[in-house]
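Here is the structure we will look at, set down as structure tokens.
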Amino acid sequence: MAMRHLSRSRDVTKRSTKKYIEEPLYNRLFKDGGTEVKVRQQLNQFLKGTKHVFKWEVGDTIKKLRNRGLYYPALKLSEVMEERGMNKTVSDQAIHLDLVAKAREITAGENYFVDLPETSKTELTYGSLLNCYCKELLTEKAEGLLNKMKELNITPSSMSYNSLMTLYTKTGETEKVPAMIQELKAENVMPDSYTYNVWMRALAATNDISGVERVIEEMNRDGRVAPDWTTYSNMASIYVDAGLSQKAEKALQELEMKNTQRDFTAYQFLITLYGRLGKLTEVYRIWRSLRLAIPKTSNVAYLNMIQVLVKLNDLPGAETLFKEWQANCSTYDIRIVNVLIGAYAQEGLIQKANELKEKAPRRGGKLNAKTWEIFMDYYVKSGDMARALECMSKAVSIGKGDGGKWLPSPETVRALMSYFEQKKDVNGAENLLEILKNGTDNIGAEIFEPLIRTYAAAGKSHPAMRRRLKMENVEVNEATKKLLDEVSQDV
């Protein structure tokens with residue numbers, strides 16, 4: 001497949017349909033939906049064809065795939081296009097490194113970096129690898145790479161410093177952030193709004209609210225990076241966390257004034273933060289502003305708004321918005337359904353919750369593990385453990401949306417095992433264990449100890465219990481070992 005740089009116009013409608021694909025590549029890949037399976041299928045079809053595509057369009061598509069977390073398709077597109085003659089800039093190589101690390105794990109990313117020509121080992125590729133280390137919380141490797149960059153006289157960008165400071169906030173090492181700020185200044189590296197935001201968050205983590213306010217003052221004095229809406233959303237969130245409601249409201253007012261471009265994410269922050277302040281009237285006011293600014297309201301917007309209304313105990317308002325969304329949605333998002341199901345369950349309105357659960361599949365909604373978890377929690381609290389186990393079994397069988405295993409919380413498992421022990425219900429305890437085994441191979445003492453106590457309380461025996469413990473490689477405590485003499489006759 002030949003590749004070309006776009007020299008003048010990027011108007012894809014002016015392509016010759018004999019040579020080039022008839023529609024934007026990104027649109028073609030998402031023709032059948034945004035799931036990774038569908039995107040991979042469309043990508044494979046495109047790569048089997050003979051149509052040409054512009055280099056800028058490949059880059060734009062890779063960027064959009066990355067933004068949606070579709071790293072494997074983005075990597076495959078990048079690799080195949082290179083095989084077919086697309087020359088990679090150092091910037092392209094930095095992006096490719098990031099994709100390799102995310103699609104094939106960090107070691108593959110390291111190997112890609114090592115194999116790059118020395119001319120490609122610039123701040124861009126070093127910075128990309130550093131960011132990968134930070135994402136994986138590999139502090140020692142990240143710090144080592146930063147030191148190596150300094151030894152090679154490669155000045156890190158603000159993005160590299162931002163990545164490392166974000167790493168410190170995630171690992172609870174916020175005390176290292178001020179030193180990074182001082183180093184950044186000493187290197188004459190231009191900070192950006194993210195730099196200031198992560199600095200503010202680090203100070204807030206140590207309850208240094210006056211320090212946070214000094215950062216804003218410094219931004220205003222410096223003048224190179226003006227506080228934007230993200231700065232004030234960050235500030236408002238910090239004030240809310242600190243219980244400083246009046247200051248939080250003032251920051252939110254600043255946020256509104258800074259949102260001149262009517263940014264969707266800014267509206268989301270406003271709704272969430274006014275909700276955390278308990279300002280229901282303001283929540284509705286911002287919702288109306290969002291609807292005026294962006295008439296085609298997305299599922300994500302409805303999800304956030306309904307969640308906020310539920311937290312503010314405005315169930316009638318949440319129901320009204322749900323009906324509005326349901327009447328106009330193109331995709332029946334089960335996450336939104338789950339919010340209302342959860343609200344009904346919380347209020348004890350289990351019939352309404354069940355009605356929603358039954359209607360969802362008819363509208364194209366796919367019940368997920370969260371749906372069944374909500375019902376499981378309700379039945380556990382209601383003492384209906386048989387139904388709780390049924391719901392748990394369904395949640396485990398569905399698993400997580402990303403393909404991972406779903407398991408109930410340790411608190412739920414303890415509550416169930418405690419109940420079965422009190423009721424001397426051996427069958428219930430064994431059923432729970434079997435359900436858990438469908439989701440994990442790691443059944444430990446926290447399950448077997450109450451199981452053995454349940455057998456003992458019920459006056460029942462399990463001749464092979466010691467063998468089970470040995471097979472599962474489980475070591476129980478001394479008190480449980482004594483009960484084994486009653487429960488198990490095997491040696």
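Yeah, the Cβs are placed from backbone N, Cα and C, and that goes for glycine too.
For 122-156, the entry in Swiss-Prot reads repeat 'PPR 1'. With DSSP states grouped into helix (H, G, I), strand (E, B) and coil, the repeat 'PPR 1' (122-156) comes out at 26 helix, 0 strand, 9 coil.
Swiss-Prot lists 157-191 with the feature repeat 'PPR 2'. In the repeat 'PPR 2' (157-191), the DSSP tally of helix, strand and coil residues is 26 helix, 0 strand, 9 coil.
Swiss-Prot lists 192-226 with the feature repeat 'PPR 3'. Confidence for the repeat 'PPR 3' (192-226), expressed as mean pLDDT, is 94.
Sequence annotations record features per position, and here Swiss-Prot assigns repeat 'PPR 4' to 228-262. Only residues 6 or more beyond the boundaries of the repeat 'PPR 4' (228-262), in the same chain, are considered here, and those with a CB under 8 A from a CB of the stretch are 193-194, 196-197, 200-201, 204, 207, 209, 212, 216, 219, 269-270, 273-274, 276-277, 279, 282, 293-294.
Among residues of the same chain six or more beyond the repeat 'PPR 5' (263-293), those with a C-beta under 8 A of the stretch's C-beta atoms are 229, 233, 236-237, 240, 245, 248-249, 252, 255-256, 300-301, 304-305, 308-309, 311-312, 314, 317. The annotation repeat 'PPR 5' is assigned in Swiss-Prot to 263-293.
Here Swiss-Prot flags 298-328 as repeat 'PPR 6'. Sequence-distant contacts of the repeat 'PPR 6' (298-328) (same chain, six or more residues past either end, CB-CB distance under 8 Å): 264, 267-268, 271-272, 275, 278, 280, 283-284, 287, 290, 335-336, 339-340, 342-343, 347, 363.
The repeat 'PPR 7' feature in Swiss-Prot is assigned to 333-367. Assigned with DSSP, the residues of the repeat 'PPR 7' (333-367) fall into helix, strand and coil as follows: 26 helix, 0 strand, 9 coil.
Annotation comment: Swiss-Prot describes 368-402 as repeat 'PPR 8'. Within its own chain, the repeat 'PPR 8' (368-402) has Cβ neighbours under 8 Å at 334-335, 337-338, 341-342, 345, 350, 353, 357, 360, 408, 412, 415-416, 419-420, 425, 428, 431-432, 435-436, 438-439, counting only residues six or more beyond its boundaries.
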Counting each residue once, how many in the repeat 'PPR 3' (192-226) are helix, strand and coil under DSSP? 27 helix, 0 strand, 8 coil
By DSSP, what is the split of the repeat 'PPR 5' (263-293) into helix, strand and coil residues? 27 helix, 0 strand, 4 coil
